[in-house]
Amino acid sequence: MSHVELKFTSRSKDRRLLPQVILRMLRLSCLRGLDWHVTSWTILQSTMREINPLSHHLPKATFPSCRSLKKIHMSHIRTSAQGFPPQHCRLPWLLGEQRAFYSQGSSKTPKLGSTAGIKLRTRLVVMLLFGGGIIGTWWYVYQEKQQKIQMQRMEQLRKVAVGQGDFSLLDHTGQRRTKRDFLGRWVLLYFGFTHCPDICPDELDKLTNVVHTLDKDPSLPPVQPLFITVDPERDDVAAMAKYVKDFHPRLIGLTGTAEEVKQAGRDYRVYASAGPKDEDGDYIVDHTIIIYLVNPDGLFLDYYNRMKNDAQISESIRNHVKNYVKLFPD
């Protein structure tokens, strides 16, 4: 290891010399190891002896005492002896290393919260897709089953005798009407008579409420209400025209001869029997109290007795209309 030789003359009176020497010694101590510290300390001692006569020309605060310098160099020596550069020399390196570390690590280190959020969203998407697939499959199987049941019921209705006949009656305007006139429309059919004291008006009121309720749903086709008399002897065209005015405006009253009315009732398995007459010639007709639902194919589809209210009937008809499958091509 080479040594540095610095020469100073005792005759020099330059006050700037001493600070430069001290700064040079400190710089050398930062750049070298233990050998440099020992050499620097030796040179410093010899220099201080040479410039000692000049010390009384300099202020006391210009440079530290030899004791303080010795403490500073001893701390440098201990640090260098451990294999590390002095503290004040390492600080810039450490700051640079830390800045480099954070600048490199900030772009590579993932955030824990964002990673957990991505995993949670992925699981939710997978669960939704899986659940949606199960629900879609179940709904498809359910619809297929309902259509199959509907087709089976239609086939059964075609085999039964209910509503299979083609009636021919007069409406309340005197016009001849047959069953074919109402094909392609949903029909609510009720059998009764105009002299009925309470049951027939109640049932026709309920039928009117059902039609009004269904008319409020624009997705449903209009339902045609029909009223066929079971008392053709008293319910002529004029009586029917007067009677139907008290109910739904689309209600059509149908009447005819005793044989025509009897044939229409027979097609729908309607029971009707006139009771004995009183002194005024008035009598009561005992008959089946049922509202029939007929689909656009002219087939009897469902019926509603007195236990069904208008809300239940409306909901049932709505379901029938939505699940309707046309059987006969045009």
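Residue positions begin at 1 at the first shown residue.
Backbone N, Cα and C atoms are what each Cβ position is placed from, and that goes for glycine too.
In TrEMBL, annotation is done automatically, which means it is predicted and not curated.
Now, the feature entries from TrEMBL:
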| type | residues | note |
| --- | --- | --- |
| BINDING | Cys196, Cys200, His287 | Cu cation binding site |
| DISULFID | Cys196-Cys200 | disulfide bond |
| TRANSMEM | 124-142 | transmembrane segment |
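Residue environment of Cys200 (Cu cation binding site) contains 22 other Cβ atoms, counted within 10 Å of its Cβ in all protein chains.
Same-chain residues with CB within 8 A of the center of the Cys196, Cys200, His287 CB atoms, the Cu cation site residues themselves not counted, are Phe191, Gly192, Phe193, Ile199, Glu203, Val230, Val285, Ile289. Neighbour count (other Cβ atoms within 10 Å of the Cβ, all protein chains): 19 for Cys196 (Cu cation binding site). Counting every protein chain shown, the number of other Cβ atoms lying within 10 Å of the Cβ of His287 (Cu cation binding site) is 21.
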